[in-house]
Amino acid sequence: MVCLRSAGARHAAVAARLSAKPAGIVPDGVVNLPLGEPRFAALGPAYGQPVAALPLPDALRLYFNAALADQIGLDPRWCQSAAALPLLTGNAAWPGQTPSASVYAGHQFGVWVSQLGDGRVLTLAEWRAPDGSPVELQLKGAGPTPYARGSDGRATLASSVRELLACEALHALGVPTTRALSLAGSSLSVQRDELDTAAVLGRTAPCFVRFGHFEFHARHGTPQQLALLADHVIEHHFPYLANQPQRHAAWLAEVVELTAALFAHWQTLGFCHGVLNTDNLSVLGLTLDYGPYGFMERFRPHHVCNASDHEGRYAYTAQPAIGRWNCERLLGACAGLLAPQPEAAREQAQALLARYDEVYRQEVMRRWRAKLGLREARAGDAGLLNRWLTLLQRGKADFTLAFRRLADAIQIDPAEALICLPAGQDAALRDWLDDWRARLASEGGSPAGRASAMRRVNPRYVLRNHLAQAAIEGAQRGSSVELHRLLAVLARPFDEQPGAEHYAAPPAQGLELELEIGCSA
Ligand code: AMP
Ligand code: MG
């Protein structure tokens with residue numbers, strides 16, 4: 001049986017096992033900031049290098065996440081103070097901390113790249129939150145690092161707004177993700193496909209270690225170097241595994257399970273990451289590095305959200321297999337940590353990949369079932385789901401709204417339900433609705449209770465491209481009003497929000513915004 005802890009329980013377990021030292025404090029002249037506790041940076045020069053941030057000209061505060069600040073132990077008064085902006089843009093140094101960039105490698109679109117790294121990201125500070133859990137604060141777009149490979153080290157305002165919106169939207173949907181703490185715009189121009197201005201995003205996570213970090217040290221470092229990195233991750237993020245006899249294998253099993261669970265969650269929300277390279281996969285199972293992602297609108301299994309992905313390698317339907325492929329790369333890099341003999345390591349890796357399949361299957365069906373309002377697992381569930389998805393595909397239905405409307409169809413009469421469900425296949429849809437209703441009835445329970453349970457897992461509001469685009473265009477004019485409005489709606493994705501109906505709607509027909517979102521950011 002799969003025993004998968006929820007992210008909340010896992011983090012609670014981590015927090016409880018960490019010696020919950022009270023956060024020290026360093027006066028910064030206005031209020032107190034948490035005392036830094038370099039963790040990753042303390043690993044040494046083989047893992048990264050100190051880098052000074054490049055100042056951001058005419059920094060303009062566009063966003064500050066006060067709720068997140070409070071949760072991670074930053075004083076909200078400081079957030080509102082004039083002292084915060086320079087620190088969160090790289091225009092002033094964080095007291096007592098040396099910013100650094102880390103080196104990693106990765107498979108990009110399936111091709112091995114032997115050196116990548118934080119090219120435009122630096123870790124500004126690491127500390128413990130009031131609940132004892134580790135916090136790492138990064139600035140994205142604060143200038144080039146030794147791993148910039150000739151690029152400018154900057155991030156466009158458009159791509160920064162997109163990362164901010166997506167990670168906060170996914171967080172509100174309950175998906176593990178890195179978080180956005182702050183966003184500042186600037187007068188500095190940056191040239192990509194189009195001319196934009198630069199921005200600096202402050203983002204946090206317990207840590208930003210990627211599969212690619214392990215691939216780098218497996219290829220270029222010593223076995224001890226690789227083991228040190230694994231022990232670092234275990235000590236700070238999986239401390240309950242530290243005393244296990246086979247701690248590295250136990251940890252890799254957790255990474256594989258977390259990854260499978262994350263991908264299952266994405267699939268049932270129609271979320272497409274867009275660039276599932278191994279350097280964009282977190283060893284904590286967080287959604288990381290938001291490039292040309294998309295919440296699928298019209299349901300198309302082969303939907304590709306990244307205009308640069310000509311082969312459809314990262315299409316919606318391909319994501320789960322890509323998650324497995326990426327785990328295979330991680331397990332290959334960590335073979336020496338699994339077992340000293342290659343044959344034994346290979347066998348263990350195969351067992352862990354089978355575990356990926358098992359966890360993915362169980363998690364994805366658990367979530368699909370909940371979306372359909374089914375409480376019990378029964379043999380015909382996959383068939384019922386597939387018939388429904390086929391109806392959505394043929395009816396060119398909006399993925400999010402079709403599931404949301406299904407909750408309404410529990411309580412209204414079938415003829416009315418047909419009006420609000422995928423169009424053009426009335427007979428097939430009526431048959432399906434009959435079967436689905438019969439299945440629900442056979443489980444018992446009140447229709448109202450079931451409908452409200454469905455509304456708790458089928459969001460009404462997701463981040464649609466045209467909504468993100470409106471927030472970006474506002475920010476490009478120096479206004480964060482639309483950004484804040486949209487974030488407020490996305491913070492309560494499952495609630496009916498009177499007055500916010502237009503945020504739930506797909507783009508008007510004929511005006512569908514065909515945004516070409518590629519890798520340049
Ligand atoms: P991404 O596609 O954003 O995941 O980036 C892939 C790699 O390219 C990472 O190593 C990034 O740090 C690096 N990179 C992307 N854009 C820039 C940039 N403008 N300046 C420096 N490095 C960059
Ligand atoms: Mg990346």
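The backbone N, Cα and C atoms fix where each Cβ goes, and this holds for glycine too.
Among the features that TrEMBL reports, active site, proton acceptor is placed at ASP279. If you look up TrEMBL, you'll see GLY117, GLY119, ARG120, LYS140, ASP152, GLY153, ARG203, ARG210, ASP289 marked as ATP binding site. Sequence annotations record features per position, and here TrEMBL assigns Mg(2+) binding site to ASN280, ASP289.
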Listed binding-site residues adjacent to ligand 2, that is, members of ARG120, ASP152, ARG203, ASN280, ASP289 whose C-beta is under 6 A away: ASN280, ASP289
Neighbour tally for GLY117 (ATP binding site), based on other Cβ positions within 10 Å of its Cβ: 22
Spatial separation of ASP289 (ATP binding site) from ASN280 (Mg(2+) binding site) - C-alpha basis, Å: 6
Distance, GLY117 (ATP binding site) to ASP279 (active site, proton acceptor) (CA atoms, angstrom): 9
Longest CA-CA distance among GLY117, GLY119, ARG120, LYS140, ASP152, GLY153, ARG203, ARG210, ASP289, per record bound to ATP, angstrom: 22
Of ASP152, ASP279, ASP289 (the recorded positions), the residue whose Cβ has the fewest other Cβ atoms within 10 Å: ASP152
ARG203 (ATP binding site) in three-state DSSP notation: strand
Under 8 Å by Cβ from ARG203 (ATP binding site), same chain, sequence gap 6 or more: LEU137, GLN138, LYS140, GLU163, CYS167, THR178, ARG179, ALA180, LEU181
Nonlocal residues around ARG120 (ATP binding site), in sequence order (Cβ under 8 Å, 6 or more apart): LYS140, GLY141, ALA142, GLY143, PRO144, THR145, ALA148, SER151, ASP152, GLY153, ARG154, ALA155
Number of other Cβ atoms within 10 Å of the Cβ of ASN280 (Mg(2+) binding site) across all protein chains: 20
DSSP-derived structure type at ASN280 (Mg(2+) binding site), helix or strand or else coil: helix
